[in-house]
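What follows is one structure encoded as structure tokens, with my remarks underneath.
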């Protein structure tokens, strides 16, 4: 049985956090916990934390630490006996310290993507506001330009995704993220990955997760199970043949010393 793993992925806007998180969750069976999803869920359900968050979001402001921790930590408490992966939390040192008061993180992945790559990705990025679904006109365009694939509702481009606002946004991210990264580096759980293409970074992250969880990815495990079942069935069949031969011939399969065999797996 795989050990429990508490993990998070850190990275600036446009770094591919969402894509990496989804691949990890699908390959290793972790609960994928996006702070954006829980914000939208809290707002839709009119929870106290959701309504507080909405007052800041509507004014284009960052949601304060105390509101984010109030939203996220109860969710994590409910998943105490599960492995999970965080996307978008913790963003600040205060949030990271609040998280540490409840859980010891096992793995934190930091994505380091060059500015030019982030600029190209974000300038082509369009979002469905209600669901948070993200499209990229370069490599993941909607089926109908300007429309969400599922609902058909209009897509928008955030003002802070536009090139003129991006530099300030990235500078602000670095100011907030540096103490968080330093904290997890000091705890010995930080692993950083650099590159311009998610598909080239992914194999290294996949290998790291396989080692950390002492298990094979989910798509490989069923193949191993079937192989072991086939070997077990073959051994059982040989045993029945051997016993039947002895009962009808009064002698073992082999004359002389029984040869030593080794089963190659």
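Numbers here mean position along the shown chain, with the first residue as 1.
Quick reminder: no glycine exception, Cβ is built from N, Cα and C everywhere.
Here the structure is a predicted model, which means the values were calculated and not measured.
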Discussion item. Quick test of your reading of TrEMBL: among 124-161, 162-199, where does it put region 'LID'?
Written reply: 124-161
Practice prompt. Tell me which range among 34-63, 64-93 TrEMBL lists as region 'NMPbind'.
Written response: 34-63
Worksheet item: Could you count the residues of the domain 'Adenylate kinase active site lid' (125-160) that DSSP puts in helix, in strand and in coil?
Response: 2 helix, 10 strand, 24 coil
Worksheet, complete the sentence: Students should find that the Cβ of residue 135 (GTP binding site) has, within 10 Å, a number of other Cβ atoms equal to 21
Practice prompt. Pop the Cα-Cα gap between residue 14 (GTP binding site) and residue 63 (AMP binding site) into the table, whole Å please.
Written response: 19
